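Q: One structure, as structure tokens, below. Some questions next.
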């Protein structure tokens, strides 16, 4: 009788929509392996960008770099990300998500390894530019790959967890840097004419997550949704079968034999120029019907990351300013900020180039940020992406407003941190970018999020540096207004989709009765 029921089930549910077919693969080992691998790759990207900033003071002292050279060297990884992300978005949408990662990430890891023994300023700058340029492929492909291979019930949570990996980057690098910088070895390498010191070991360690992520990706499969959108239905079905087998520990009774996409697909010609391909992958995002949502989501990123990226670099400086032995009671945040930034001096003592207190402060800031993001990942499914995004903006606005007037030192530090935590919208925005755009545009949509976030963040860093000493209060007020505008836009986001399920047989209802469904 059971066998007969299974046969009837197979005949009824042989043809399914992609999400139904994906949900039928179950949830288990394959999904967790994918989550871990993608997290390692996205961690590698952010370590490449922000991890180097921790090693930079020691590298600058070792290489006797000028302030101008240090500024350029710190900006090189960010520039590499901005210039390359666009191309990786195209590759993810045309070559495949997994294939893009397996091509780019190993090269990025190798560049990082070589950079750890770069003998000169020029060679270090070039290698960091290249390494960041290749590792930025993780944002274009890994987020989309994870979203397209995770069942709908767990998708938002997994993408939030992956966004959490970006929040924990500074914590990870500081926890590694603290013991590394306690070492005092100095080994001369005649072949390269350099002294191998602890900061070079730290840069080598930064390469390890990318290597581990690539190894994990080797054992995974291409996104079945990408294969289906490329006209490779048989390959897509085989990929889903393998996912099902992995999740069910070897079972081979996956019953789906045909899949259809509930969206338009586009065949990308192989004989057109690279520039034309980039245009074809970008223009639809800024034309109806996708234009409205694209403008909303990218503006949210602009308002959030101009604020968070711009001020995050000041977290160590401001925390130290409150604990430098001076009496800061009765002073507002801007009073302390103006004093500390106007009294900055350049140290020539290499032994104190990286202060332990700075590392502890950044680690604390990062730990709280990542923990909040994980908490949000567990409530986003029940509360909804839109409400979570609104809540994040409201907390940031209230913190920014209070920051202008509060004079209690510890409360000011906490408010400064929470004002920057507007960056927690990354998880919801990336989920929206995956869900609201067709499959063939998702890689480009997510890579443009990097260009917007990091590009305007870079501008913000320069703006804050020039205004913090003399115009702190109006500057903070301006950023609060910017975050408030993001909050206003958030209210116009699409409502979270709800699936109507027939409780009698757990079948997803649809108005389309002409197609056989799961």
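Heads up, the Cβ atoms here are built off N, Cα and C, so glycines get one too.
All TrEMBL annotations are machine predictions without curation.
Here's the feature list from TrEMBL:
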{"type": "TRANSMEM", "residues": "32-59", "note": "transmembrane segment"}
{"type": "DOMAIN", "residues": "34-497", "note": "domain 'Major facilitator superfamily (MFS) profile'"}
{"type": "TRANSMEM", "residues": "71-89", "note": "transmembrane segment"}
{"type": "TRANSMEM", "residues": "101-119", "note": "transmembrane segment"}
{"type": "TRANSMEM", "residues": "125-146", "note": "transmembrane segment"}
{"type": "TRANSMEM", "residues": "158-181", "note": "transmembrane segment"}
{"type": "TRANSMEM", "residues": "201-220", "note": "transmembrane segment"}
{"type": "TRANSMEM", "residues": "297-314", "note": "transmembrane segment"}
{"type": "TRANSMEM", "residues": "357-381", "note": "transmembrane segment"}
{"type": "TRANSMEM", "residues": "388-408", "note": "transmembrane segment"}
{"type": "TRANSMEM", "residues": "414-433", "note": "transmembrane segment"}
{"type": "TRANSMEM", "residues": "445-464", "note": "transmembrane segment"}
{"type": "TRANSMEM", "residues": "476-495", "note": "transmembrane segment"}
Q: Suppose I define contact as three or more CB-CB distances under 8 A, residues 6 or more apart in sequence; do the transmembrane segment (32-59) and the transmembrane segment (201-220) meet it?
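A: Answer yes: the transmembrane segment (32-59) meets the transmembrane segment (201-220) with 3 or more Cβ pairs below 8 Å.
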Q: For the transmembrane segment (445-464) and the transmembrane segment (201-220), does the number of C-beta pairs under 8 Å, pairs 6 or more apart in sequence, reach 3 or more?
A: no
Q: As a test: from 101-119, 158-181, 357-381, 388-408, pick the stretch that has the greatest number of Cβ pairs under 8 Å with the transmembrane segment (201-220).
A: 101-119
Q: Can you see whether the transmembrane segment (158-181) and the transmembrane segment (414-433) are touching - at least 3 CB pairs under 8 angstroms, only pairs 6 or more apart in sequence?
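A: The transmembrane segment (414-433) and the transmembrane segment (158-181): touching, yes.
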Q: Using a Cβ cut-off of under 8 Å, list the residues of the same chain at least 6 residues beyond the transmembrane segment (388-408) that approach it.
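A: Residues packing against the transmembrane segment (388-408) from afar: 300, 304, 307, 329-334, 376, 379-380, 415-416, 418-422, 424-425, 428-429, 473, 476-477, 479-480, 483-484, 486-487, 490-491, 493.
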Q: Looking at 101-119, 297-314, 357-381, which one has the highest count of Cβ pairs under 8 angstroms to the transmembrane segment (414-433)?
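A: By Cβ pairs under 8 Å, 297-314 leads among 101-119, 297-314, 357-381.
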Q: What average pLDDT does the predicted model assign to the domain 'Major facilitator superfamily (MFS) profile' (34-497)?
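A: Summing pLDDT over the domain 'Major facilitator superfamily (MFS) profile' (34-497) and dividing by its length gives 84.
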